[in-house]
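Annotation source TrEMBL lists active site at HIS307, HIS353, ASP408.
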Amino acid sequence: MAFFRGLTAVSRLRSRMAQEATTLGGVRWLQMQSASDLDLKSQLQELIPEQQDRLKKLKSEHGKVQLGNITVDMVLGGMRGMIGMLWETSLLDPEEGIRFRGLSIPECQKVLPTAVKGGEPLPEGLLWLLLTGKVPTKEQVDALSKELLARSTVPAHVYKAIDALPVTAHPMTQFTTGVMALQVESEFQKAYDNGLPKSKFWEPTYEDCLNLIARLPPVASYVYQRIFKGGKSIEADNSLDYAANFSHMLGFDDPKMLELMRLYVTIHTDHEGGNVSAHTGHLVGSALSDPYLSFAAALNGLAGPLHGLANQEVLLWIKSVIEETGSDVTTDQLKDYVWKTLKSGKVVPGFGHGVLRKTDPRYSCQREFALKHLPEDPLFQLVSKLYEVVPPILTELGKVKNPWPNVDAHSGVLLNHFGLSEARYYTVLFGVSRSMGIGSQLIWDRALGLPLERPKSVTMEWLESYCKNKAA
Ligand code: NMX
Ligand code: MLT
């Protein structure tokens, strides 16, 4: 965040000068916000040369500085703790959780513009923050909402591609098929084929990412309606913001559900670069595959049960507890069910994490939302009980590094409360949200000219002989 401070001060000054036309004491104040202040791409254009110089300086002055030692455990253990990539939009602290461009979730809830006074942040504001490192004004967020709406038309062939799949296909399969079908409109691919120089790669990447983010809610809601509502279609409401409109197109207009969707999309956008979906998007993008190809690859990673599919698994697991024990489940029955799950060789979904070592702040803010809006919901009460029951059991197992709940332990019961009860659909919601983080970083990847990602792999034989020689 520090590197953007100079620019942030300038931008704050500008935004103070740039209040919307308002009537104050009978005087009408003039609209002073310039078109480029409201245009995200112009803002990026200003930031990119500075960040390119910064990267150049970092490489030339500190390129040979060591960042740690690679151990055999790291190579065999899924590269945990191995620093291996640059990811500008967010950073994860194992104890504290995620910070988006330096801001924690509670800080984002305080400073990002909202639709409702004192309500949840608008995800468009977070997208602006991820891309620029600056907290946007409400006017900037509104301009971005409108820009996304203007980009949201989905070509008819996309729906035909989805319709070619059996309606029983998993929602993530149908959603990713829609993303692949959107790819035929890639600006990056066209520009690359026409010989665009590397210094300009970021521009069509920006166009693709913004188009992709804008078109995902209609595609995702089409998948939902097709699978669960007999193909009903709900038109977009152009007066609504991104998340509220998405909720509306899914068929949920309760103002509390709109607020939930704003919170949901905001907190699922980004989780630094090493998680399976973000890393996949970045890796595939490093081959100069366009943002649609990169994001479709990311979604395929998100669809795995140890990653994004865990939100589906959590609600199905909670419902299976109730099916077996009845809705008045006691603490002892819950303990027995957790042990039964573990003894059958399964994981307890929604608990544990590859990096976090405390309760995920994304879980905590969803818990806050539930305490405020649905404290009596029986499934929320069961989730609260699991918070007490599961961590001691996972600790007792002796091998689990983080017994605490993650983001997926909570999201399903909130959605279920407002009627979105189809657990198999939940990972699609995660996918729509993640487009903002992966897309933002892809734009910076191209702006900074980051190279093809190609780490070294070795065989067991190589490791054995390396270790033997080292010991000799
Ligand atoms: N239930 C049972 N066993 C677990 C759990 C859990 N919730 N979490 C970790 N373990 C086991 C893990 O399977 C491993 O066992 P083994 O050595 O026999 O293979 C052992 O504990 C050590 O694993 P960790 O180092 O603690 O965790 P790791 O970094 O390998 O994996 C997860 C992280 C997230 C994959 C793991 O905690 C897990 O499977 N959790 C349940 C699934 C889940 O909630 N995933 C969502 C993550 C968040 N997201 O949205 O992506
Ligand atoms: C995520 O949001 O991507 C998950 O918490 C997984 C991770 O960070 O590894």
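Quick reminder: no glycine exception, Cβ is built from N, Cα and C everywhere.
Distribution of TrEMBL features across the structure.
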| residue | record | DSSP (3 states) |
| --- | --- | --- |
| HIS307 | active site | coil |
| HIS353 | active site | coil |
| ASP408 | active site | helix |
Number of other Cβ atoms within 10 Å of the Cβ of HIS307 (active site) across all protein chains:
18
Counting every protein chain present, what is the number of Cβ atoms, excluding its own, within 10 Å of the Cβ of HIS353 (active site)?
22
ASP408 (active site) and HIS307 (active site), Cα-Cα, nearest whole angstrom:
9
Distance, ASP408 (active site) to HIS353 (active site) (CA atoms, angstrom)
11
Around ASP408 (active site), how many other CB atoms lie within 10 A of its CB?
26
